[in-house]
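A.B. asks: Starting off with a structure, shown below.
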2 protein chains.
Amino acid sequence: MAERTESNQTAPAERQPSRGRPRDAERDRALLAATLQVLQESGYGGLTTAAVAKRAGVSTATLYRRWRSKEDLVVGTAVSWASDLGPQPDTGSLRGDLAVLLRDKAETLEGPGGRLLHILIGEAAHNEALARVLDSAIVQPVRDRAAEVVRRAVARGDIPPLENAHVLADLVVGSMVSRLFLTPDVTYQGATDGPTSGEAAIGELLPFLLRALGAPPG
Amino acid sequence: MAERTESNQTAPAERQPSRGRPRDAERDRALLAATLQVLQESGYGGLTTAAVAKRAGVSTATLYRRWRSKEDLVVGTAVSWASDLGPQPDTGSLRGDLAVLLRDKAETLEGPGGRLLHILIGEAAHNEALARVLDSAIVQPVRDRAAEVVRRAVARGDIPPLENAHVLADLVVGSMVSRLFLTPDVTYQGATDGPTSGEAAIGELLPFLLRALGAPPG
């Protein structure tokens, strides 16, 4: 009985192999990885569903059973990529919590998803679906985590309650985008050390963000 | 003599018509305006020098005498557009100076140049020349103005001297990009009122930026 429960927890898919679900999930992952690769090579304009299907080793019919259109596929890739960002751990201090949030954002923008974000911003000016996924995939998770950081800091008595606490998310996302996307050396195919890297940016930004939230910077 | 001086001030081009300079400047303006229009319609990938030349009413040979390549033309358009941002006026207070800086940045991003910036960010991930012009055209002018704002505030005794004062530029540019480019309703073909507009963002950001710089927010 104990063994059966353990098996149930670790490999539920094996116990319920109905209708090929695990293979679907594998195909989904392959399609999303292929989409990211083709986007990086060809941009949004150059991406075709045929190229993605070929890269993922599936037929275009299989791709279209899962995603209605090229746009739908790219939106799905962005949402899937963003869901890997994870929750906000409680480090016990506002400084620690902010450092984790900034570091996660820097890693996101410096990693393979950074190229995806470049492309999404480029297309967002004339594509409403891609404009909307920018918010849901990029800003909203940071907004949720930033709200949690502020809530804990207020509860600890580290800072007074804030009006418009959501502004913290704009400061975190925006300053990282400014440093990592709009400044040379990191903007172009990513140096990840040097004075414009994410790690350097975190050290410089932290005192400003702490003061902005009403906490002593030191 | 008075009449001649006045004529000299208002229409110098007419007095020195040598080598067609005024006509060159007019052609330059037409080419840059045409580049912005074609970029907005077709994106960077879809832009051709032939389409820009046609829109500007010049031959492609004329275009190539001024700009070596499509890339060169787009970089020139970005630089020309950014040079319209203007200097930082002295309002007499840190709050006033910051408000002007934020408002100018919001107007830039909400205007026709905002679409250009979207496109440049999209291309910067795989084009070094466009990555570098993002910094020189978008961030550097704000960095210069932000440094001036901080210098004046310290001189007035409003705030203590700051380490890494250049971070203010990232906070100003970044938070505006986050609010106006990454948040729906304004991201997609630009609502310029409502809760996500530049004017609303300025009101919310100001207290955070004042505190970040070490000034009382009220």
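Glycine is treated like the rest: Cβ placed from N, Cα and C.
Taken from TrEMBL, the feature region 'Disordered' covers B:1-25. Summarising the annotation, TrEMBL assigns domain 'HTH tetR-type' to B:25-85. Annotation comment: TrEMBL describes B:48-67 as DNA-binding region.
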A.B. asks: Apart from its near flanks, which chain residues at least 6 from the ends of the DNA-binding region (B:48-67) lie with a Cβ under 8 angstroms of it?
C.D. replies: 24, 27-28, 30-31, 33-35, 37-38, 42, 73, 76
A.B. asks: Within the DNA-binding region (B:48-67) only, compute the mean pLDDT.
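C.D. replies: Summarising the DNA-binding region (B:48-67) by its mean pLDDT gives 95.
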A.B. asks: Could you give me the DSSP helix, strand and coil counts for the DNA-binding region (B:48-67)?
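C.D. replies: Summed by class, the stretch gives 15 helix, 0 strand, 5 coil.
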